[in-house]
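Structure first, commentary second.
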Amino acid sequence: MTNIRKTHPLMKILNNAFIDLPTPSNISSWWNFGSLLGLCLITQILTGLLLAMHYTPDTSTAFSSVAHICRDVNYGWFIRYLHANGASMFFICLYAHIGRSLYYGSYMFQETWNVGVLLLLAVMATAFVGYVLPWGQMSFWGATVITNLLSAIPYIGTTLVEWIWGGFSVDKATLTRFFAFHFILPFIITALAAVHLLFLHETGSNNPTGIPSNMDMIPFHPYHTIKDTLGALLLILTLLALTLFAPDLLGDPDNYTPANPLSTPAHIKPEWYFLFAYAILRSVPNKLGGVLALLLSILILIFIPMLQTSKQRSMMFRPFSQLLFWTLIADLLTLTWIGGQPVEHPYIIVGQLASILYFLLILVLMPTISLIENKLLKW
């Protein structure tokens, strides 16, 4: 009798996606982040659901409802900090996953890559609206500053901002709709992740060498399931360590002060995972220019497959491209640091130089060095 996992309509889909899936034999641990992102998503949805049972999306009670979760709900503090730090782990995995794709040329699977960019934008939107919900000082002022950026759009800007706010300032209507968005977006992300996998399984995975994987494939289970389990255990260990020993390490102390529209915090800044984009936004003296630079800093990912000039897919055997890649990583870390600093000398000029270098590396230097490498190899 044929195994049920190969005949049952539902089991067959799962079997072809996670059990009998042909996988390159030589993929490294950098390929673990896809499954880790799935684990992060499940964790966030479960903890988020438990939090939503006790949270009230109303300006007068939101802050105290979060305090109530932490003080009075059984293990509420644990669920709340798992959710907050889970978001940080989500972004660490996301950035590692994107970095892997850039290094090994996985972006040449264009449909998978484009859905991935959509996923990144959806996760960023979810994290932003979620940060507003505790209704602390940084929640309120972060929402005010970021939504206000839309007013830079010519002609319709102001109307658009007031439409998103549901009034003339960030208030009760804004909080209610942000809670609605924060609840629905993870399910949209889940659907997009399924499409992302669908497109990936059409082509099969890339591998570190960048050459076609068809020559040497192994079944996903048990080889990569056991490997992914190790990654999952390390992720859970890190998340638990962060949650239990340093729950507020990545948060902002200002968010423990209830939102007050009459008092502006000294330094308004987003969570650490948005700081690089925030630094690019602040580096441009013009409001509309800053907003465009902010958008382009993320949307530039869409154009990366078009900027591929190398005859080799992966950077594994391209030392000059590797040097520029790690320069880009260092530049992003610099931007992240600058985003958390006040707007004063020397941070302003360092941020501007790092922003210019970011776009220069992606749009000019990396495609140029790839052409030079082709020449050196007489290709």
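Glycine is treated like the rest: Cβ placed from N, Cα and C.
The transmembrane segment feature in Swiss-Prot is assigned to 33-53, 77-98, 113-133, 178-198, 226-246, 288-308, 320-340, 347-367; the stated evidence is similarity to another entry. Under the heading heme b b562 binding site, Swiss-Prot lists HIS83, HIS182. Annotation comment: Swiss-Prot describes HIS97, HIS196 as heme b b566 binding site, evidence class similarity to another entry. Annotation source Swiss-Prot lists ubiquinone binding site at HIS201.
Shown here: features listed in Swiss-Prot, placed on the structure.
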residue	record	DSSP (3 states)
HIS83	heme b b562 binding site	helix
HIS97	heme b b566 binding site	helix
HIS182	heme b b562 binding site	helix
HIS196	heme b b566 binding site	helix
HIS201	ubiquinone binding site	helix
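Taking residue pairs at least 6 apart in sequence, the transmembrane segment (288-308) and the transmembrane segment (347-367) share three or more C-beta contacts under 8 angstroms. Sequence-distant neighbours of HIS201 (ubiquinone binding site) (same chain, six or more apart, CB under 8 Å from its CB) are ASN16, ALA17, LEU21, listed in sequence order. Contact between the transmembrane segment (226-246) and the transmembrane segment (77-98) is supported: at least 3 Cβ pairs lie under 8 Å, counting only residues 6 or more apart in sequence.
Within the same chain, the residues at least 6 positions away from HIS97 (heme b b566 binding site) whose Cβ sits under 8 Å from its Cβ are PHE33, GLY34, LEU37, listed in sequence order. Within its own chain, the transmembrane segment (320-340) has Cβ neighbours under 8 Å at 99, 102-103, 269-270, 272, 274-280, 282, 310, 347, 350-351, 354-355, 357-358, 361-362, 365-366, 369-370, 372-373, counting only residues six or more beyond its boundaries. Same-chain residues lying 6 or more positions outside the transmembrane segment (113-133) and placing a CB less than 8 Å from one of its CB atoms are 55, 57, 62, 66, 87, 90-91, 94, 98, 101, 106-107, 139-140, 142-143, 146, 174-175, 178-179, 181-182, 185-186, 188-189, 192-193, 195-196, 199, 270-271, 273-274, 298-299, 301-302, 304-305. Long-range contacts of the transmembrane segment (33-53) within the same chain, counting only residues at least 6 positions beyond its ends with a Cβ under 8 Å from a Cβ of the stretch, are 69, 79-80, 82-83, 86-87, 89-90, 93-94, 96-97, 100, 182-183, 186-187, 189-190, 193, 228, 231-232, 235-236, 239. Long-range Cβ neighbours of HIS83 (heme b b562 binding site) (same chain, at least 6 residues apart, Cβ-Cβ under 8 Å): GLN44, THR47, GLY48, LEU51. Rounded to the nearest whole angstrom, the C-alpha distance between HIS196 (heme b b566 binding site) and HIS182 (heme b b562 binding site) is 21.
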